[in-house]
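Q: Handing you this structure, nothing more for now.
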Amino acid sequence: SLSAGLDLPGRFLFAILTLMTLIANLVFIDEAVYIYRKIPSSKRSVIIWINAAAPVIATTSCIGMWIPRSTMFTDFTAAVFFAIVIHKFLLMMIKECGGQKLLLRRFENGRFKISTGPCCCCCLCLPRVRITRRTLFWLKLGTFQFAFLRPVLMFLSIVLWTNGNYTLYNLSPKGAAIWINCFVGVLTIIALWPVGIMFQQVRTLLICKKIIPKFALYQFILILNHLQAAIINILAMQRIIPCAPPLSSTARGAYMTQQLLIMEMFLITVMSRVVYRRRYDDLEPPQSTAEEAADNKQTP
């Protein structure tokens, strides 16, 4: 542990960041109790999963900060958890529309706009796809593959690491890290695409459920946990972030990433509590079901 060699300002910073992690976890526990009591059981688990993303990443970053040798395991754990959250966010949007059956009835003549990010935002000529049970299945499969394959790739990386074939910062073509990271990158893009497609379709319908701030928070976690970490790691490997004994450039880069993530995830946890901790009005039923209900009343 590096904490033994810290000066007074360093210890103070570590103490503040650890306190922020603790507060983030307490805020999440309070939020989970509220969701469990107030939210219908059909939506309960997915909303708790999504709210847990920020405190889990803050906790893994805090452990990695105190125990530097655990960085690889903590980073992998956070990445696997967020892979599951991507799938859960898609499911939450479907559930907020009343479930799959009501969503299909609501958009029975609608079409998905598939020319959206991160895969096809430039391909405006792509045709729109009909909203059917099959297309919903493919969207769910697109996010589920990442939630399933990310833990498998994590396990493979740890096996190769124990055998000496996987080094986190060795990005030469002969090393396993570059190939596994490229494969994970492709799977991530494939998983993010269905979420973007679904969000484009339901954002106006779910504006009363604050879906735009919820999607923004989810995007912030994604960018900060993946893109920010990747940029800092590249700067560290190129020695742009200088070494400061006893820390090498890569170790300093890892510390910067962990400390930034703790502060950022603390703020996102607090904002999530504001966005999710409220009662929303139920959506109006689809037109066809409303007409059926009126007919049923008139029949007697």
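Here, residue 1 is simply the first one shown, and the rest follow in order.
Here the Cβ of each residue, glycine as well, is placed from N, Cα and C on the backbone.
What TrEMBL says about a protein is an automatic prediction, not a curated fact.
As listed in TrEMBL for this protein:
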- 12-34: transmembrane segment (TRANSMEM)
- 46-67: transmembrane segment (TRANSMEM)
- 73-94: transmembrane segment (TRANSMEM)
- 137-161: transmembrane segment (TRANSMEM)
- 176-195: transmembrane segment (TRANSMEM)
- 215-236: transmembrane segment (TRANSMEM)
- 256-276: transmembrane segment (TRANSMEM)
Q: Mind pulling out the one from 46-67, 137-161, 176-195, 256-276 with the most Cβ pairs under 8 angstroms to the transmembrane segment (73-94)?
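A: It is 46-67, which has the most Cβ pairs under 8 Å.
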Q: Applying the under-8 angstroms CB criterion, which one of 12-34, 46-67, 137-161, 176-195, 256-276 scores highest with the transmembrane segment (215-236)?
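A: Answer is 256-276, with the largest number of Cβ pairs below 8 Å.
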Q: Please figure out which one of 12-34, 46-67, 137-161, 176-195 racks up the most CB pairs under 8 Å against the transmembrane segment (256-276).
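A: Against the transmembrane segment (256-276), the leading stretch is 46-67.
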Q: Residues of the same chain, at least six outside the transmembrane segment (12-34), with any C-beta under 8 angstroms of its C-beta?
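A: Residues 3, 6, 48, 51-52, 54-55, 58-59, 61-62, 65-66, 259, 262-263, 265-266, 269-270, 272-273, 276-277.
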Q: Can you tell me which parts of the same chain pack against the transmembrane segment (176-195), counting only residues 6+ beyond its ends and a CB-CB cutoff under 8 A?
A: 79, 83, 86-87, 89-90, 93, 116-120, 138-140, 142-143, 145-147, 149-150, 153, 156-157, 160, 165-170, 218, 222, 226
Q: Counting only residues 6 or more past its boundaries, what in the same chain has a CB within less than 8 Å of a CB in the transmembrane segment (46-67)?
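A: Distant contacts of the transmembrane segment (46-67): 1, 3, 14, 17-18, 20-21, 24-25, 27-28, 31-32, 35-36, 39, 74-75, 77-78, 81-82, 84-85, 88-89, 91-92, 95, 214, 218, 221, 225, 254-255, 257-259, 261-262, 265-266, 268-269, 272-273, 276.
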